[in-house]
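Colleague: TrEMBL feature annotations, pasted as is:
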type	residues	note
BINDING	Ser9, His65, Gly141, Phe142, Gly143, Gly144, Asp174, Gly175, Gly176, Gly196, Ser197	substrate binding site
BINDING	His32, Asp34, His65, Asp174	divalent metal cation binding site
ACT_SITE	Asp34	active site, proton acceptor
ACT_SITE	Asp174	active site, proton donor
Amino acid sequence: MLKCCINPSILSADFVNLEAELARISNADAVHVDVMDNHFVPNLTLGLPVVERIAQVSPVPLDAHLMIADVDRWAPLYADAGLASVTFHVEASQAPIKLARELRARGAKAGMALRPATPVEPYLDMLTELDMLLIMTVEPGFGGQSFLDVTLPKIRRARAAIQGSGANVAIQVDGGITEETITRAADAGANIFVAGSAVYGAPSPAEAIESLRAKGQLAFG
Ligand code: DX5
Ligand code: ZN
């Protein structure tokens with residue numbers, strides 16, 4: 001049976017009090033850090049020096065989601081910062097296989113992200129190069145958007161292809177994950193769930209994590 005992981009996104013946290021905000025999610029499986037450069041997406045968040053510092057104080061491993069251009073140059077530096085997992089967007093990479101290998105060689109799990117309208121089929125032959133496939137369930141750039149049900153068939157096809165390949169690849173979904181949508185995403189085959197507003201918008205982020213995890217796990221049967 002798949003293990004259900006909840007990775008809260010600090011995009012919805014208080015950026016002035018990050019250390020305290022991290023302490024509120026110490027029961028999470030990892031913390032999802034959204035790096036945006038105002039080129040790949042129309043928003044700007046934080047960069048390598050801040051992520052390096054977050055990694056030093058976080059009670060849980062870091063899961064970086066790089067929504068940046070020129071990712072072939074930048075992503076390896078995030079792996080060098082000791083992050084557990086580094087995810088790049090395939091639309092921003094010139095050489096995704098080379099990049100995935102570089103991330104693994106530097107000790108990070110290699111994640112590859114697809115925007116909602118990017119098909120998974122062209123990349124099925126490279127599943128063995130990846131530890132995680134991130135299927136975006138909103139257009140990347142902002143927290144608080146609604147889950148796109150149109151991505152569910154892609155999650156299903158990706159899970160079937162992973163099972164067929166025998167590769168050990170997690171499927172992460174990111175965007176609009178709530179107590180309601182997590183069941184649909186888990187049914188379709190996702191097993192790592194990023195939640196920003198559903199966790200940090202709750203009175204108790206730690207309780208929101210437990211509740212989301214229970215819902216996701218239930219869907220796995
Ligand atoms: C959006 C980011 C997400 C975002 C999710 O581009 O990649 O990680 O924080 O936020 P919610 O859970 O509020 O949709
Ligand atoms: Zn993200």
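The backbone N, Cα and C atoms fix where each Cβ goes, glycine too.
TrEMBL labels come from automatic prediction, so no person has curated them.
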Colleague: Give me the sequence-ordered set of same-chain residues, not including Ser9, His65, Gly141, Phe142, Gly143, Gly144, Asp174, Gly175, Gly176, Gly196, Ser197, with a C-beta within 8 angstroms of the centroid of the substrate site's C-beta atoms.
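Modeller: After dropping the recorded site residues, what remains is Leu11, Ser12, Asp34, Val138, Gln145, Val194.
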Colleague: Among the binding-site residues Ser9, Gly141, Gly143, Gly176, report those whose Cα falls within 10 Å of that of His32 (divalent metal cation binding site); none is a fine answer.
Modeller: Ser9
Colleague: Where ligand 2 binds, which of the binding-site residues Asp34, His65, Asp174, Gly176 are close by, with Cβ under 6 Å?
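Modeller: Only Asp34, His65, Asp174 qualify.
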Colleague: Just name the most isolated of the binding-site residues Gly141, Gly143, going by other Cβ atoms within 10 Å of its Cβ.
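Modeller: If we count Cβ atoms within 10 Å for the binding-site residues Gly141, Gly143, the smallest count is at Gly141.
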Colleague: Can you count the other CB atoms that lie within 10 A of the CB of His65 (divalent metal cation binding site)?
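Modeller: Summing over all protein chains shown, His65 (divalent metal cation binding site) has 26 other Cβ atoms within 10 Å.
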Colleague: Report, in whole Å, the straight Cα-to-Cα distance of Asp34 (divalent metal cation binding site) from Gly141 (substrate binding site).
Modeller: 9
Colleague: In Å, rounded, how far does the Cα of Ser197 (substrate binding site) sit from the Cα of His65 (divalent metal cation binding site)?
Modeller: 16
Colleague: Using a 10 Å radius around each Cβ and all protein chains in view, which of these binding-site residues has the most neighbours: Ser9, Ser197?
Modeller: Ser9
Colleague: Given the divalent metal cation site residues His32, Asp34, His65, Asp174, which other residues of that chain have a Cβ within 8 Å of the mean position of their Cβ atoms, reported in sequence order?
Modeller: Asn7, Ser9, Leu11, Val33, Asp63, Ala64, Thr87, Leu134, Val194, Gly196
Colleague: Among the binding-site residues Asp34, Asp174, whose Cβ has the fewest other Cβ atoms within 10 Å?
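Modeller: Output over binding-site residues Asp34, Asp174: least Cβ neighbours within 10 Å is Asp34.
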Colleague: Neighbour count, 10 Å Cβ-Cβ cut-off, for Gly176 (substrate binding site): what number do you get?
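Modeller: Around Gly176 (substrate binding site), other Cβ atoms within 10 Å: 25.
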